[in-house]
Amino acid sequence: MGPIDTSQRLARLRELMQERKVDVYIVPSEDSHQSEYIAHCDGRREFISGFTGSAGCAIVSMTKAALSTDGRYFNQAAKQLDSNWILLKRGFENMPTWQEWTAEQAEGGKVVGVDPSLITAFDARNLSETIKKCGGSLLGVQENLVDLVWGTERPARPSEKVALHPIEFAGKSFEEKISDLRKELQKKKCAGFVISMLDEIAWLFNLRGNDIPYNPVFFAYAIITQSTADLYIDEEKLPAEVKNYLGDKVSLKPYGSIFEDAKVLGQSAQNKSDGEASTKPPQKFLISTRASWSLSLALGGEKNVEEVRSPITDAKAIKNEAELEGMRACHIRDGAALSEYFAWLENELVNKKTVLNEVDASDKLEQIRSKHQHFVGLSFDTISSTGPNAAVIHYKAERNNCSIIDPKAVYLCDSGAQYLDGTTDTTRTLHFGEPTEMEKKAYTLVLKGLISIDTAVFPKGTTGFALDAFARQYLWKEGLDYLHGTGHGVGSYLNVHEGPIGLGTRVQYSEVAIAPGNVISDEPGYYEDGVFGIRIENIIMAKEVKTTHKFGEKPWLGFEHVTMTPLCQKLINPSLLSDAEKKWVNDYHTEIWEKTSKYFENDELTRNWLKRETQPI
């Protein structure tokens, strides 16, 4: 998708900034719940900049505008930003961070404004300090200025119905989860926990929604104390079945009343603290480090609030047996769907010489997936990319702006689905003609990295930060690399990107150790701008493994892969694989055949394709 002219939007925004005596205005990607994926009504950064990627921050001064994003989106942003914008490439040498660039624009006593509901309290403090060093100041602007520019064209906030997530898939009742949470709160001697992250609320109450595309969550807040559980949600979203399910164990309150109630709680905590002996530390409310500045301020700020990594995030990341079994089951069905799709696509392109574009193909994949048990929808927008488009890491094909699939070029498909029993995310790179030697080399080096993570054995306490290099080592030896993380946590019929664990160089991945029950993607890649892109992605689950020795008496961990989709035999150069790696590929393909071939007893086309693609190398 090419650039749109943002001149009028920026001019109107600058008028509003001038009226409010704001010199620089920040437009984050996130919504008021700090969601990575957002509802259309919260797409403020996309509206003002024209950049449609899921990550980034826009900064507008009276004379300049900048967009900062990470390596996944450099190519996309360069294509989508018009001449009004400067692209700040995050992580590039000699390139300022968006915070540094903002501070530069604030030199000489200028005021930087931001909607306090769209930035975390932690980030607001750090940003304020950075700006102060340049002589500027940070101001929370309660009225969102981009919303005013957007006006009546801004989409309405979704209000979809909420549904129960059955215990057979959740594995634990919401009463048990709240009880576990209260034990954690008791350990921390706090007054309660104010929850703002949407996936945490959905997980805690065993509820699912449809307010954000691809993410089965709903707009809500919650406050849990030792004696109360309050859910802040628009009541019309709750069917009678859900209200009966929650019963008298949960008090329902209007979504919009959270900030007033937070102010009351904050004042109450302060009054209680003031009235007690000074030797007794005051009980604070916990909020996530991802909670908004607005929420922190409503509770009374730092004197009443302790920011922590959410105990719900930690609990949610360790899947129980029902969730793990669901992930295994849904990936078998999803693998069958992908095999059917790839067999169909090859037949159409090679045998029938059908002309298909990238969107035609992704639509067919969704149609095939939708036939399978427990299918709800996609878990993200399918990346269906041919040739040079595959080098755009988060490429998005549009109906009126996409390419015809070239059977003589690399085809990269990164896709996933939401099933009642789990969430999938799989990437396969294929070639329907004769790949070049460089394409085969790149694919095989990426495959070696994937196998290295899959077969890794490591002591308890090891982080995803430490494991990341396992996946890159073979590319590094050739002077190659990729500009994205190696893996992210995956939810159980929840967000496809889930913290706090992952594989990569982000600071957060050095803070939390991999633990049994974690579900993570394993997705190394390699990209040549304007030529081709390679990525292979499996979902893996951490587990305890037996070792010959047990140094330090620690448990040792490894992974179980659950993705059941064949690799592309045509792109593998066996001479670059060790005997152990060849055995891994052959064993993996045997497992795929055994688990998915039953779906094709009456589908000769797919069965023959699957048989061919799972032959020993």
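From the backbone N, Cα and C atoms, a Cβ is placed for every residue, glycine too.
Record features (Swiss-Prot):
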| type | residues | note |
| --- | --- | --- |
| BINDING | Asp414, Asp425, Glu537 | Mn(2+) 2 binding site |
| BINDING | Asp425, Glu523, Glu537 | Mn(2+) 1 binding site |
Cβ density check for Glu523 (Mn(2+) 1 binding site), other Cβ within 10 Å (all protein chains) comes to 26
Under 8 Å Cβ-Cβ from Glu537 (Mn(2+) 2 binding site), six or more apart in the same chain: what's there? Asp414, Asp425, Thr426, Thr427, Arg428, Leu450, Ser521, Asp522, Glu523, Thr563
Which of the three DSSP states, helix, strand or coil, fits Asp414 (Mn(2+) 2 binding site)? strand
Number of Cβ atoms other than its own within 10 Å, given for Asp414 (Mn(2+) 2 binding site): 24
Excluding Asp414, Asp425, Glu537, which residues of the same chain place their Cβ within 8 Å of the centroid of the Cβ atoms of the recorded Mn(2+) 2 site? Ser415, Gly416, Thr426, Thr427, Ser521, Glu523, Arg535
For the recorded Mn(2+) 1 site, whose residues are Asp425, Glu523, Glu537, find every other residue on that chain with a C-beta no more than 8 angstroms from the centre of their C-beta atoms, and list them by sequence position. Asp414, Gly416, Thr426, Thr427, Gly487, Ser521, Asp522, Arg535, Ile536, Asn538, Ile539
